[in-house]
Amino acid sequence: MNSIDLASLAAATPTLRHDWTREQAAAIYNLPFADLIFRAQTIHRQSFDANEVQCNQLLNVKTGGCAEDCGYCSQSAHHDTALPASKLMDPKKVIEGAKAARDAGATRYCMGAAWRSPKDRDMAPVIEMVKGVKALGMEACMTLGMLTDDQAQQLADAGLDYYNHNIDTSEEFYSSVVKSRSFGDRLDTLATVQDAGIKVCCGGILGLGEKPTDRVEMLRTLANLPQHPESVPINMLIPIEGTPIAKTAKPVDPFEFVRTIALARIMMPKSDVRLAAGRTAMSDEMQSLCFLAGANSIFIGDTLLTTPNPGDSKDRMLFARLGITPREGAPVEAHSHDHDHDHHDHHHGHSHS
């Protein structure tokens, strides 16, 4: 892509496509780094304020004991990670946490439960949590595993804004990471959520042992859905002792991570791209390159689901150095304030959203 093509991009309106080929996606991912970043940043500015980042806070409302066997996750009952299983939290405690998150600048509250799927008896307290968060003027996001049509409709009726359900990696590599469910199961749940009218938060994890082509294919799967996920979390694996993948995980090259962010931004120009789990292992310079490449959302707070996060004071300092301001929430009545999961997916001992 030459400089004339790039210059013409600046004035263009982003086109939402759902027909990306492997070759097209790979060609963008492999552009010279400066051209890739310029293209991503240009497309980013067509839909977003380049100096604004949306802030989310994540809470684990039900920890551990999960029946799934996701190879990266500390919350799986299949792995010996010394993480005790807990019962579902009291909705009142969850709502107290949401208030504190709102006061710290979060406009969205993400709640993760380590389940394969919720039981019907779990729905009443979960719905109470959603309604309580919404009453604070915040957006509510949940990640609870696979849903039935009826459960998705109940969540929609309660006012749930987002549902997180990550595809983690490419379809080809998926069975190397998770064996207790299929890639198709993930896509089925995404369709169930979208059919209920809930926005989708769906991304993946880098550092599972995948190849760069798997990262490209993961994003191509999302970009070719009938509707792009409104939120796309990109997580860096935090290897957790006791999980199978911790033994084989290899660090991701920082520039490869930034390329993945840029490709997500270019292929899904209207979606929020979240720099999710793994920021504690990233330098300020790497995070700033991610923002330059089109990331415009983070998790704030000291912890995600079961893994560490930089913390509000460190994030405030970084934002100040970069001239970034947190996105304001949408005005709501009585308020001006607006998921391993940790790989924001409840199955991620990391963070999901």
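Counting begins at 1 with the first residue displayed.
Note that Cβ sites are derived from N, Cα and C of the backbone, with glycine treated the same way.
The average pLDDT computed over the domain 'Radical SAM core' (51-270) stands at 86. Per Swiss-Prot, domain 'Radical SAM core' is recorded for 51-270, and the stated evidence type is sequence analysis.
Taken from Swiss-Prot, the feature [4Fe-4S] cluster binding site covers CYS66, CYS70, CYS73, and the record attributes it to sequence analysis.
For CYS110, CYS141, CYS201, ARG274, the entry in Swiss-Prot reads [2Fe-2S] cluster binding site, with the evidence type sequence analysis. Summarising the environment of ARG274 ([2Fe-2S] cluster binding site), the number of other Cβ atoms within 10 Å of its Cβ, over all protein chains shown, is 29.
The region 'Disordered' annotation in Swiss-Prot covers 330-353.
What Swiss-Prot records for 334-343 is compositional bias 'Basic and acidic residues'.
The feature compositional bias 'Basic residues' is assigned by Swiss-Prot to 344-353.
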Which of CYS110, CYS141, CYS201, all binding-site residues, has a Cβ with the fewest other Cβ atoms inside 10 Å: CYS141
